[in-house]
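**Student:** According to TrEMBL, the protein has these features:
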| type | residues | note |
| --- | --- | --- |
| REGION | 27-68 | region 'Disordered' |
| REGION | 107-134 | region 'Disordered' |
| COILED | 157-310 | coiled coil |
| DOMAIN | 310-663 | domain 'Kinesin motor' |
| BINDING | G410, Q411, T412, G413, S414, G415, K416, T417 | ATP binding site |
Amino acid sequence: MEPQQRSPLLEVKGNLELKRPLVKAPSRLPLPGSRFKRGLDQMEDVLEPEKKRTRGLGTATKFTSSHPRAPAITTVPQAQGQTTAPKVPKKTGPRCSTAVVTVLKNQKPGPAVPAQKPGTAAPPKLGGKKPSKRPAWDLKGQLCDLNAELKCCRERTQTLDQENQQLRVQLREAQQQATALGAERRTLEGELTRVRAQAEQGQQELGNLSARVLELEERLGTQEGLVQELQKEQLELQEERRELATRLEEQERRLQASEAALSGSQAEVASLRQEAAAQAALLAERGERLHGLEMERRRLHNQLQELKGNIRVFCRVRPVLPGEPTPPPGFLLFPSGPGGPSDPPTHLSLFRSDERRGTLSGVPAPPTRHDFSFDRVFPPGSGQDEVFEEIAMLVQSALDGYPVCIFAYGQTGSGKTFTMEGGPGGDPQVEGLIPRALRHLFSVAQELSGQGWTYSFVASYVEIYNETVRDLLAPGTRKGQGGECEIRRAGPGSEELTVTNARYIPVSCEKEVEALLHLARQNRAVARTAQNERSSRSHSVFQLQISGEHAGRGLQCGAPLNLVDLAGSERLDPGLALGPGERERLRETQAINSSLSTLGLVIMALSNKESHVPYRNSKLTYLLQNSLGGSAKMLMFVNISPLEENVSESLNSLRFASKVNQCVIGTAQANRK
């Protein structure tokens with residue numbers, strides 16, 4: 001049996017599905033002449049011994065030379081038990097030979113059978129018994145076998161023709177299907193072109209992936225010779241591409257989520273913008289209100305300071321130092337205020353006993369009581385922070401545009417320098433009014449910057465010694481001895497006074513102020529006196545020029561803050577023997593007392609609203625004249641000693657301070673532009 005072969009139509013369909021070229025099925029039609037030629041050769045081999053035998057007998061069998069040789073006759077299997085009798089071959093004419101050739105031509109060629117040697121039996125064809133081999137001379141039997149085989153071949157030819165017709169019909173259907181598939185293929189190619197265009201647009205959006213792919217393609221182009229490495233790299237790139245595709249999908253999902261979040265955020269931003277606009281309007285309204293409140297605060301603050309008095313006097317009693325005698329009980333009394341012990345003291349009682357006075361009976365006279373009233377009295381236990389708390393609001397007035405002047409007055413050794421500058425060593429607990437005031441100003445200026453105010457501070461520090469002005473901030477070898485400084489107006493028509501040859505240094509922090517104070521302490525004129533080992537023999541004036549500006553509203557304000565440490569106020573003893581050193585101290589004392597007297601006269605003239613105020617009688621009052629007038633606020637600390645031996649000087653200081661406390665200066669006005 002022939003093996004079952006695949007239908008050509010199925011192969012055509014399979015090839016079209018797999019997009020492979022159409023492969024024709026192997027044809028079942030016989031190859032012309034192949035088996036026939038091979039059969040003639042076999043026939044000649046079979047007939048060859050018979051020819052030899054017939055030659056020997058003298059008889060010859062002739063074949064027509066114009067026809068090809070007949071193939072070897074294939075034996076036809078006989079029925080079981082039947083034997084084939086040898087027959088004498090009959091002589092056939094040309095007609096018989098022609099019939100044989102015709103049969104052989106119409107016979108379907110079979111598989112090539114190898115030629116067999118004479119005398120050997122043919123192999124069984126249909127699986128039955130081996131048929132007996134016909135002798136070569138049995139041409140009739142062989143012809144019968146060929147006829148039977150020709151019949152079978154005709155039947156097979158008819159079957160193959162039918163199958164060929166079916167295959168041609170299937171081929172036409174396959175060709176029609178291929179034509180339809182070609183049209184569909186062209187349609188799909190157009191769709192593929194459009195999809196590729198979309199893919200190119202999508203590739204432009206994939207910036208990072210495209211850059212990576214381009215980089216990999218460039219690398220792939222430069223390494224064409226390394227096929228194995230490229231294959232490995234290609235596998236890696238494919239894996240990476242899958243990872244990138246996965247990441248891309250993840251990024252797309254995240255992008256979608258981000259777009260959704262962005263949509264929500266945009267809506268929220270729109271809402272926030274509306275809210276911000278409302279807040280901006282509200283903020284502008286509150287800014288206007290805050291500015292109005294700030295102006296109202298300044299007005300009320302100034303009104304409060306005026307109610308307290310534009311000239312105020314505080315009395316401060318220093319504590320007893322180690323090594324000094326303890327004063328007798330009841331020497332100094334601090335009566336409570338109207339509110340009781342919780343009310344800050346404002347009165348001071350000093351008891352003085354005079355041994356030279358006596359009664360008629362010889363008994364010593366009782367001590368004399370002297371009562372004084374001030375705006376505030378600080379007992380010996382008061383600290384520096386408590387003292388500054390009372391003047392903090394006054395320092396605030398300087399920032400608001402009102403000139404402020406604070407004096408420390410008293411005899412030598414009463415604690416004036418300690419009150420103004422503080423003690424040595426940099427202990428924050430004993431800092432004086434100058435560093436504390438500047439720290440307060442810097443802090444408040446920083447707070448007001450949020451409201452649009454910008455402040456600048458310029459400091460100077462001079463001393464007036466024997467009616468000579470000297471710069472305490474002179475650097476290098478000058479040490480305050482660099483020559484006399486003159487007080488001049490800043491310009492033609494200007495009311496502002498400046499000191500020539502003096503340094504004006506911008507300051508913005510506490511460390512800069514500490515450096516200035518340290519330099520001033522080294523340059524200040526001091527000497528030993530009968531009252532103090534190291535006494536200040538000059539008036540020191542620390543001036544801070546404050547300038548403020550509100551650019552948004554076009555407002556400006558400026559005012560000076562003057563912190564003055566006056567020299568010791570001692571009376572002259574006429575019976576004192578004068579040596580060379582004492583004469584120098586005498587001249588210093590005379591200059592000090594003269595300037596202090598002029599200060600008292602200026603304050604009295606301002607209080608009495610006199611037409612002429614003697615500012616020029618002293619360098620001190622001339623320098624401070626812009627901070628002593630009706631637009632200024634003044635505070636005087638009268639410092640006294642708690643010792644009984646200094647009672648006379650303490651009384652003189654208290655009496656001078658009481659006169660100043662009784663003076664009233666007109667309403668202050670802010671220095672605004």
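Positions of Cβ are set from backbone N, Cα and C atoms, glycine also.
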**Student:** Which residue, out of the binding-site residues G410, G413, G415, shows the minimum number of other Cβ atoms inside 10 Å of its Cβ in this structure?
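**Tutor:** Counting other Cβ atoms within 10 Å of each of the binding-site residues G410, G413, G415, the minimum falls on G415.
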**Student:** Are there residues of the same chain, six or more positions away from S414 (ATP binding site), whose CB falls under 8 angstroms from its CB, and which are they?
**Tutor:** R318, G568, N639, I640, S641, N646, S650, S653
**Student:** How many neighbouring Cβ atoms, not counting its own, are there within 10 Å of the Cβ of Q411 (ATP binding site)?
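**Tutor:** Step by step: centre on the Cβ of Q411 (ATP binding site), count other Cβ atoms within 10 Å, giving 23.
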**Student:** Could you tell me the mean pLDDT the prediction assigns to the domain 'Kinesin motor' (310-663)?
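**Tutor:** Here the predicted model's pLDDT, averaged over the domain 'Kinesin motor' (310-663), is 83.
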